[in-house]
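Q: Structure incoming, see below.
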Amino acid sequence: MRRPAHPAHEEEEAGHQGQDHQDRRPDHPRHHRLKRILTDVTETTTPPVAIIMGSQSDWETMKNAADTLEALDIAYEARIVSAHRTPDRLVRFAKGARDEGFKVIIAGAGGAAHLPGMCASMTPLPVFGVPVQSKALSGQDSLLSIVQMPAGIPVGTLAIGKAGAVNAALLAAAVLALSDDDLADRLDDWREQQTVSVAEYPVDQA
């Protein structure tokens, strides 16, 4: 169960924005909150994971992180926070994230993808960066914008696109599981299910 929200459209950076931004209408991500089934968590509790992205169209990629967190019963909140178009919003979020109660931040951006690094520069929380695949350079620009951080400001950079979003969620889960035995068990179960789902022998496809 999620709280509805209606974020204003924000175009993506570099070649990653454009008319495609107007044509697609995916689910609105801002304040997209998973209400956990566990009885000790209320709607007013700040979830442990924040998913932030540079624009609405990044949600197509970042929703894979959200879906993975849901599969592990981890609450999250998703927001649009553009490093270039909403810099004041970025500063407010990054500087206040720990006080809000977040534990881990997953940040996705494409093109001139400065969001993860700028966020990491203003918060002591762990930040996992997801390079969103761009049209111009297939996400290589996004990857290089995120991965080469200077010493002292770490960003855990994942793969480009869906795989990176999924793995960012799994890394966030692993961090949280260090102090949550129930989550550690759920993560173990998730990995076991992944293992048993892999066939031992190939078969001809119909």
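Heads up, the Cβ atoms here are built off N, Cα and C, so glycines get one too.
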Q: Please identify which of R85, R89 is recorded by TrEMBL as part of the substrate site containing S55, D58.
A: R85
Q: Just to verify: the residue among S55, D58, R85 with the fewest other Cβ atoms within 10 Å, which of the binding-site residues is it?
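A: Relative to the other binding-site residues in S55, D58, R85, R85 has the fewest Cβ atoms within 10 Å.
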